[in-house]
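Colleague: Before I ask anything, here is the structure I am working with.
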């Protein structure tokens, strides 16, 4: 009997619903071509949930996600809700609690410069011409963002603020395994990022990553200090395959990787727990200024679906078919407004149609 899967779909705010609609088209094409039994249920999250139910993360949404095999997330937030206390705003009140509730400890952010889009890369043309395909693997639940103690105290010239960087062995081991396993499916190169010349937490990080590497003799490991890594990423991003980072360093480097691709509308992300359950979302925001205008780029949402199929459902063939279809669409000149002049751009919905058609055709 064919196994069936269930996805909790959380479109959210801004461009979320319209780009999610394109992911649904692509999912329909995947079902038909590969015969995978996948059902979906939609739930409110973010600002629309505040408007309808008084909270950015309703209990019904959490319960629906608990019954699912994975979460496909759109985007949340917008000016309408910025007057609320920070903890009640869509971003902090929805996404962070979901990550905590499902113990999502690893964040995977692919950053790729697609052929034909080199002109959008802010790097020098000779660097962009080499292309790059990087996977940033970021530890998501440890480090300085969560370490204790943290706070402020004192007054006058003695007023001070403090945060604490803490990492446990098990936290470093499990994120390192994610990086090495991911590298095996790519070019088998891991670059671990730390500040082991200064920080005790980074010394432990480097020691443990080196130990874990022994279980992956087919994967090449190197280490870079964070300051050098940021420079090397600008100098020659093509040298990197998988970048393994702590929470703070990954936060910085994953955004740097995103920026040098030239369009946030192309970048998916995955956040996973130890059981393979994941939340998949575009790396960009809700872009309320372009919502409802049929000009948003849906590719990040569609590629987030591909990551979901690969990491949570184990459907590598279907994931590769989506990625190939995106490649084909771009190679044949299909562009949304962020990647083209207004005169030759296609809309959000048409881009979804094109990619779904290519998935169905195996193009």
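Using N, Cα and C of the backbone, Cβ positions are placed for all residues, glycine too.
The annotation NAD(+) binding site is assigned in Swiss-Prot to 78-91, 285-297. Annotated substrate binding site per Swiss-Prot: 99, 109, 138, 227, in sequence order, evidence recorded as sequence analysis. Here Swiss-Prot flags 227, 251, 255 as Mg(2+) binding site, drawing on sequence analysis. According to Swiss-Prot, the site 'Important for catalysis' annotation covers 145, 195, on the basis of sequence analysis.
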Colleague: Distance check, please: Cα of residue 255 (Mg(2+) binding site) against Cα of residue 138 (substrate binding site), rounded to an integer number of angstrom.
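Modeller: Here the two Cα atoms lie 11 Å apart.
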Colleague: At a 10 A cut-off on CB-CB distances, which of the recorded positions 109, 138, 195 has the highest count?
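Modeller: Most Cβ neighbours within 10 Å: 138.
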Colleague: So which of the binding-site residues is most packed in, judged by how many other Cβ atoms lie within 10 Å of its Cβ, out of 287, 291, 295?
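Modeller: Answer returned by the neighbour count: 287.
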Colleague: Nearest to residue 145 (site 'Important for catalysis') by Cα, among 82, 109, 291 (binding-site residues)?
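Modeller: Going through 82, 109, 291 one by one, the Cα closest to that of residue 145 (site 'Important for catalysis') is 109.
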Colleague: Determine which residues of the same chain, besides 227, 251, 255, have their CB within 8 A of the center of the CB atoms at the recorded Mg(2+) site, and list them by sequence.
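Modeller: Other same-chain residues with Cβ inside the cutoff are 226, 230, 248, 249, 250, 252, 253, 254, 256.
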Colleague: Give me the long-range Cβ neighbours of residue 227 (substrate binding site): same chain, 6+ apart, Cβ under 8 Å, in sequence order.
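Modeller: The list for residue 227 (substrate binding site) reads 195, given in order along the sequence.
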Colleague: Just give me the nearest neighbour of residue 138 (substrate binding site) among the binding-site residues 86, 251, 295, Cα to Cα.
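Modeller: Its closest listed neighbour, by Cα, is 251.
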Colleague: What is the separation, in Å, between the Cα atoms of residue 86 (NAD(+) binding site) and residue 251 (Mg(2+) binding site)?
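Modeller: The separation of the Cα atoms works out to 20 Å.
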Colleague: Using the alpha carbons only, what distance in Å do you get between residue 291 (NAD(+) binding site) and residue 109 (substrate binding site) once rounded?
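Modeller: The separation of the Cα atoms works out to 24 Å.
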Colleague: Just to verify: the residue among 82, 255 with the fewest other Cβ atoms within 10 Å, which of the binding-site residues is it?
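Modeller: Taking 82, 255 as the binding-site residues, the minimal 10 Å Cβ count falls on 82.
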Colleague: List, in sequence order, the same-chain residues at least six positions removed whose CB sits under 8 Å from that of residue 90 (NAD(+) binding site)?
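Modeller: Same-chain residues close to residue 90 (NAD(+) binding site) (Cβ under 8 Å, separated by 6 or more) are 12, 13, 45, 46, 47, 49, 50, 56, 76, 77, 78, 81.
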Colleague: Out of 82, 99, 109, 287, 295, point to the one nearest residue 251 (Mg(2+) binding site) in space (Cα versus Cα); all of them are binding-site residues in the record.
Modeller: 109
Colleague: Ranked by the number of other Cβ atoms within 10 Å of their own Cβ, which of the binding-site residues 86, 251 ranks first?
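Modeller: Buried the deepest by this measure is 251.
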Colleague: Measuring Cα to Cα, how many Å separate residue 82 (NAD(+) binding site) from residue 99 (substrate binding site)?
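Modeller: That comes out at 22 Å between the alpha carbons.
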Colleague: Any idea what DSSP makes of residue 138 (substrate binding site), helix, strand or coil?
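Modeller: In three-state terms, residue 138 (substrate binding site) counts as strand.
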